[in-house]
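Peer 1: As listed in TrEMBL for this protein:
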BINDING   17-24, 86-90, 140-143  GTP binding site
DOMAIN    8-303  domain 'Tr-type G'
Amino acid sequence: MPRTTPLSDIRNIGIIAHVDAGKTTTTERILYYTGRKHTIIDVHDTKDLKTSTTTDYMEQEQKRGITIQSAAVSCFWNGKKINLIDTPGHVDFTIEVNRSLRVLDGAVVVFDGVAGVEPQTETNWRLADNYKVPRMCYVNKMDRSGANFRRTVQMVRDRLGARPVCIQMPIGSEDNFFGHIDLVTMQARVWFSDEKDSKWEEWPITDDLADKLKISNAYDRELLGQISQYRTELVDSCLELDDAAMEAYLESGEEPSVDTLRACIRKATITGAFVPVLCGSSYKNKGVPQLLDAVVWYLPAPTDVENIKTVDMDGNPVGERKSSDDEPFSALAFKVLNDKYGSLTFARVYSGVVQKGVSLLNSTRGKRERVGRIVEMFAKDTNDLEEARAGDIVAFVSLQETDTGDTLCDANAPVVLERMRFPDPVISVSVEPKNRTDQDKFSVALGKMVRADPSLRLETDMETGQTILRGMGELHLEVTLDRLRTEFGVEGVMGRPQVAYRETITRPVSHVYTHKKQTGGAGQFAEVKIEFEPQERGAGYKFVDQVVGGTVPREYIPSVDKGLQVQKEDGVLAGYPTVDFKATLVDGKYHDVDSNALTFEIAAKACFREAIKLAGPVLLEPVMKVEVVVPEEYLGDVIGDVNRRRGTILGQLERGANIAVEAHVPLSEMFGYIGHLRGMTSGRGSFSMEFSHYEPVPKNVADEVIAKQGKAA
Ligand SMILES: Nc1nc2c(ncn2[C@@H]2O[C@H](COP(=O)(O)OP(=O)(O)OP(=O)(O)O)[C@@H](O)[C@H]2O)c(=O)[nH]1
């Protein structure tokens, strides 16, 4: 079958933003305008009614009003195919944004025009930086009271360190938001209705525009007085990227054509030279068709971005795969979903073509997978496909062996594609089925959830035998249990959330341990001398072999490393994993008969236990970056409360009519905070938090934690 959409006509994009900035609403409008959907159901409405928007179809999303699952949706605009991934804004689900960004070629970052740059926008922006995702900004909610385009653009500059260049600017704001000035074509687009099908009028830009539209707000009028400055900034920024156009301009004074400007904006977006900024109100149906135009014009096709890197089993780069149908098949699974169709594995195809019915290699696991059905998602609905090609985002139905992050490829040309990076969980709870009789069903379902979400971990507590679920926040774990109920029909209960503490050392120690045993016939012998040194936060564990002269035989050195790796998981203070240290094996002794791999492993473990106690061990706790947004009258109470929670205030910012307080607060002090905040602010405060870093726990608190764990310091 020939390719139906040329690779250069595909746009794999995501919409990313802070909670409530309007991603879902914007996605709904996109689906409407692209003709795939003929009724608009508003998020406003679904919070009360039992109707469902297209992407928010899970029960708990409606309940909480946040998009938990990101779904891939395909649509067409001006002959180009847009594969759209809606990503959630809530911090506990950063992982969803993370894995979407990994497989996307471009992103639209949606801002709430009142709040501007919010914490999660910042986090997502940095993630997009990591994955080098080209992006554009869309300042939404220009119709809301307090909307301020100029401030939002300034925040993009200051807080995100980006170079925003406006390609549109708003005409009016709040109730008098009429549309935008297109700074590329130099036209005013004016909407006189909020109806979804209302057509805009194109007006020339004249000095009396504000008068004609009866815009009285001084700020809005001032902004309209600056059109020529904004246009000059756009033209100058474009000319920097096009020598020929610059020369023509310098010679004749003639401004570049619309086509030249568009080519420059595209180049700037893809290379990151600047970030184009658009504006609108998705809810009031103003600006979304032009946002779609911009997606098609400026965001990259799969062929415009760097080739995907291939790696060896340890994750080291070995080569790359070109985005082309002519290359052998390769795809990356970025999401596994269990729904009424069975399991759905969402994958981004990087190269080659796969027909349904063929067998592929899961090169990450060394397992074969048969491709039964291939489907394209239109939110909840599925289109069956005969094949998937380079650049496509598709779902494979009922794969058996493939988890998030795995590579699927042609077995005759195996490769492993660069994996996604996942953070370590910071919180854990014990979980069990509500009814004992559900134990098996519960374990199977939980296993499936964990396979689908790499930011979840499952463990068994060795002492109590309890099942422990680890995740990125209280809400993350709650939602996981909720999904067990709705998707697998099994109810679970969870214990009190526990913080994922860690341990580390504060001073270097050099220690010798001799393992010696004479039991009956054969003896056991191994001696190791290991230097332990503290490392910077986040460094993890490093093992260095500096043995000279074969005092520890080569073949036993990996056993020393293994012994340390096992033992470091059970720290000397309270049994938490020991992190951020370097262990250098400098010397040792062996015995021809009595030494073997096991004796060296035992010696390394014992050496660790003794040495770490001498190396000033301390307990580390996860510290969260918290942002609390409250009306000014509650500011004093909120700051006092943050201080009582061992928090450090980082700063305050105006956020529309409210004040945002930024602080670092230990996670252990934040359990159940939302209830407390609501009580303190009569329900008017909101907050968000995300993991920031690990920090030593103050002595008095550490003593309590250690005592609870029942280990002696
Ligand atoms: N006034 C106004 N409200 C809007 C606009 N866009 C979205 N909203 C409203 O803002 C709220 C949040 O919108 P959503 O589309 O759910 O936001 P989201 O970013 O998808 O939120 P999450 O899925 O929770 O991350 C809803 O009540 C929307 O109706 C807009 O342009 N103007």
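Placement of Cβ uses the backbone N, Cα and C atoms for every residue, glycine included.
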Peer 1: In terms of DSSP three-state secondary structure, what is the assignment for Ala17 (GTP binding site)?
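Peer 2: DSSP call for Ala17 (GTP binding site): strand.
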Peer 1: In terms of DSSP three-state secondary structure, what is the assignment for Lys23 (GTP binding site)?
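Peer 2: Reduced to three states, the DSSP call for Lys23 (GTP binding site) is helix.
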Peer 1: Taking ligand 1 as the reference, state which of the binding-site residues Ala17, Thr87, Met142 have a Cβ closer than 6 Å to one of its atoms.
Peer 2: Ala17
Peer 1: What average pLDDT does the predicted model assign to the domain 'Tr-type G' (8-303)?
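Peer 2: Over the domain 'Tr-type G' (8-303), the predicted model scores a mean pLDDT of 85.
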